[in-house]
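What Swiss-Prot records for this protein:
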type     : residues : note
TRANSMEM : 39-59    : transmembrane segment
TRANSMEM : 85-105   : transmembrane segment
TRANSMEM : 115-135  : transmembrane segment
TRANSMEM : 153-173  : transmembrane segment
TRANSMEM : 196-216  : transmembrane segment
TRANSMEM : 230-250  : transmembrane segment
TRANSMEM : 260-280  : transmembrane segment
Amino acid sequence: MSLFEALILGIVQGLTEFLPISSTAHLRIIPALAGWNDPGAAFTAIVQMGTLAAVLIYFRSDIVCIVKAVVDGLLKGKPLNTPDATMGWMIAAGTIPIVFFGLLFKDAIETTLRSLYWISAALIGLALILWLTEVRLKQRVAKHLPLKSMEEIGWKEALLIGVAQSIALIPGSSRSGTTITGGLLLNLSREAAARFSFLLSLPSVLAAALLQLYETRHSLLASPSELTNLLVATIAAGVVGYASIAFLITYLKEHSTSVFIIYRIVIGVAILGLIATGAIQP
């Protein structure tokens, strides 16, 4: 991988990680179109450290309050004594499913499921589910039924959104796409679903990145150029990722996810067309 390729893929990671269009799919599609090698699951996981940093910086005040509240609650023997402490435990609970399924299907995630057939199916499939979810949400709003805020997320919501996050292990699904969809199905507002989605990503993204760093440490240390490429891609992903978070949070306050639904379907169909014509290999 050249430095230019690493920079482009880092920018792509930052642009697509937080939008419900799947960063993994784009990191697989763009190299295929450009004639580059597949960067691999390890590259994807490690570069997510950049977008992880973006979440930490953007939500730094929320995260500090949550950590302080959790520690304070444990010291007082009242772990759920404040909304911030409760949110900390909801994030922990929502992380359990992806840890279980991630370890169980690790080999398939890194090999079979990276096929462009799987990716296109996931892009189109989740788009249809998200569309049905938006229809349901609009009907609920039309009936003036209330939507839940972040503070109303309980054990049920946390675990079910965590299960939705596990679906994102299939490349093309989109972590933010599955978790926001899960949140909307559980009657969260779009903004609340997005904010919880981003906070929920912290433990699993950090764990996946650290695991891949550990497993690839020898090859990284043996190749300074590869290490440099990863560093450049990670920094680019972080800078662009921060802007993507700010955009999506603001966008969802006033708009639906329709534009992302259309985009997913167009890209999914385009991939199948390119494979059929032999322009790219699955």
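Placed from the backbone N, Cα and C atoms, the Cβ positions cover glycine too.
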Maximum Cβ pairs under 8 Å to the transmembrane segment (39-59) - stretch from the list 85-105, 115-135, 230-250: 230-250
Proximity verdict for the transmembrane segment (153-173) and the transmembrane segment (85-105), three or more C-beta pairs under 8 Å: yes
Any contact, the transmembrane segment (196-216) to the transmembrane segment (260-280), with at least 3 Cβ pairs under 8 A: no
Residue numbers, six or more beyond the limits of the transmembrane segment (115-135), whose CB comes under 8 Å of its CB atoms: 20-22, 24-25, 28-29, 32, 167, 170-174, 177-178, 180-181, 184-185, 256-258, 260-262, 264-265, 267-269, 271-272, 275, 280-282
